[in-house]
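Please read the structure below before turning to the comments.
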Amino acid sequence: MPRFLITSALPYINGIKHLGNLVGSLLPADVYARYLRQQQQQVLYICGTDEHGTPAELAATEHGLSTEDYCNKLHDLQRDIYQRFHISFDYFGRTSSKANHEITQSIYRDLEQRGFIKQKAIEQVYSIEDKRFLPDRYVEGTCPHCSDEKARGDQCDGCGQLLEPYELIDPHSAITGSKDLIIKQSNHYFLCLSKLQQDVGAWVDRHKHWSPLTQGIAKKWLQEGLQDRCISRDLNWGIPLPTDNNEKKVFYVWFDAPNGYISMTKEWAEKHAPDSSAWKDWWTESDDVHYTQFMAKDNVPFHTIFWPAVLMGAESNYKLVDNIKAFNWLLYEGGKFSTSQKLGVFMDDALELFPADYWRYYLLSNAPENSDSSFTFQHFSKVINKDLADNLGNFVSRVSALVSKYFSGQIPKEQLAAYTFPVEMKVQVKELLKDINDNYQQCNFRHLINCLKKLYALGNEYITKAEPWKILKNDEKAGADILSTCLILIRIMAVASAAVIPTTSEKLFAVLQLTQRPDALTIQDESLFATVDTSIKTDKALKLFEKITDKQVEDLTQRFGAKKSS
Ligand SMILES: Nc1ncnc2c1ncn2[C@@H]1O[C@H](COP(=O)(O)OP(=O)(O)OP(=O)(O)O)[C@@H](O)[C@H]1O
Ligand SMILES: [Zn+2]
């Protein structure tokens, strides 16, 4: 029986994440994991915070905390918020863990032994006032090409030119503004990626099923030719390089972060599996584990080229990824959401505004799958009001009100015994369920939501056309049959939507007074069409979703239009 390993790109520690991070990595991975579990598959879903690197140190300083304390705090905050979004990790770890230190250092030693590490002195900008080497993007100045005064040492956003820090006119530290900068030489360690080009290229070629976005990015890097890549930094915070030279170097965050997937699995096994060595059979190359990663496009080179190269070079026999579900950007006011620039709608604010299921449903309906997509409150309200409030919510509320009113919540047993689900509708629903199942399986989230939407609409249209409220006045049996069909449809909607809107699905089962969980039934299960013997208890109309008003849209657009202030 296959087993499914799932990881979502590790959220960086420098703040509460935004809706872009949610839709570009965490949410789709969660939906896939939930779907597979619902289909009775064995799943391990691993994620955790990515904690090393300069932005973490700077964020800590900004908050007046040591980097370690800051990371502890932000890790807990992030974990809490993912729980509130019902992201169902099997384990949520940290790249700063002891296990990650050990695994990263051991991978490095293998690479070194096998001749894939070289040393080279490089020149870097050192800020005397900051007492630190400055990464290129923390050097700012005037662009020599377009005179933009806000150019960074890696790139000018004004004209798009790639730059070196020494090319800037009037360079200064982006941290303190100090101009007291010198160029210092420092010995650094490089991964010999150029030696691994062929192996990585052949491996990428074998993955023809990857999406055009994933393949396109991987092939572009390969065509340009892989360059040896620096894996060390002169920082205090990070995983120390186990070198013989008497130097204080740490790994560059890109090198240690993905190893976190492995080390977090190790911690999961130590804490939660019956056998603490269970992590090994998830990560050893074998046919029965199918590994899927979720991320947005900026992370694709790291997961298709750099990290696989590291694992191949180390000849570690660690499992390489089978499928990569990559996303484009979710845009906010025409630009990219940004944690460092505090731009966009952040997950904590989002949950204060609306329940998690609103966001989960909307973000997947608008997922940047084939191209970038834009978030607006206007669009958000349109989708929620139409799909969830007008279709799903309205249908369930009409059905429960009628069953309460005409049958005191319980359709008589003798009528249920004589009832069968209408044949024609069964064909239609089965077809939809097949599409829903396929889209879950293939992680086609926009199509998936479209099918769910059709399912909700089908119920609503059926009851509108059948008009049980009229029929019930003269023919109780015919009316009871229509409502029985509706009750079954509610169960089907709950089961089919369970991975996307888990809380709502549970509420639907609660309305039906079903004791099972909606995710305990598989999506194409024949028993979904059996009669629902319920005793609904609603005295007044049930309101599953609150409609979002034009006034709310206006206020929220205004409130979040400017940069987030804190
Ligand atoms: N606007 C976005 N749309 C979709 N996915 C995104 C977006 N921004 C970030 N992601 C993805 O979220 C995941 C976690 O990202 P990470 O925490 O590293 O933030 P980031 O890419 O540095 O974002 P930011 O620039 O906002 O800090 C990554 O897979 C990243 O590609
Ligand atoms: Zn420029």
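Glycine is treated like the rest: Cβ placed from N, Cα and C.
TrEMBL does not curate its annotations; it predicts them automatically.
Here is what TrEMBL says about this protein:
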BINDING   C143, C146, C156, C159  Zn(2+) binding site
BINDING   T339  ATP binding site
DOMAIN    4-399  domain 'Methionyl/Leucyl tRNA synthetase'
DOMAIN    426-564  domain 'Methionyl-tRNA synthetase anticodon-binding'
MOTIF     11-21  motif ''HIGH' region'
MOTIF     336-340  motif ''KMSKS' region'
Could you tally the C-beta atoms, other than its own, that fall within 10 angstroms of the C-beta of T339 (ATP binding site)?
21
Taking DSSP helix as H, G and I and strand as E and B, the motif ''KMSKS' region' (336-340) has 0 helix, 2 strand, 3 coil
I'd like to know the mean pLDDT over the domain 'Methionyl/Leucyl tRNA synthetase' (4-399).
95
What is the total of other Cβ atoms whose distance to the Cβ of C146 (Zn(2+) binding site) is within 10 Å?
13
So what's near the motif ''HIGH' region' (11-21) in sequence-distant terms, Cβ-Cβ under 8 Å and 6+ beyond its ends?
47, 49-51, 53, 55-56, 58-59, 70-71, 74-75, 77-78, 81, 296, 329-330, 332, 336-340, 342, 344-348, 350, 359, 363, 375
Residues flanking the Zn(2+) site, with Cβ no more than 8 Å from the Cβ centroid of C143, C146, C156, C159 and excluding those residues themselves
P144, H145, S147, D148, A151, D157, G158, G160, Q161
The answer for the motif ''KMSKS' region' (336-340), taking Cβ pairs under 8 Å and residues 6+ beyond its ends, is 12, 14-21, 55, 329-330, 375
Spatial neighbours of C156 (Zn(2+) binding site) that are distant in sequence (at least 6 apart) but have CB under 8 A
C143, H145, C146, D148, L163
Measuring Cα to Cα, how far is C159 (Zn(2+) binding site) from T339 (ATP binding site) in Å?
23
I need the least crowded one of these binding-site residues (C143, C159), counting other C-beta atoms within 10 angstroms of each C-beta.
C159
Residue distribution over DSSP helix, strand and coil in the domain 'Methionyl-tRNA synthetase anticodon-binding' (426-564):
96 helix, 0 strand, 43 coil
Reported in the order helix, strand, coil, what are the DSSP residue counts of the motif ''HIGH' region' (11-21)?
3 helix, 2 strand, 6 coil
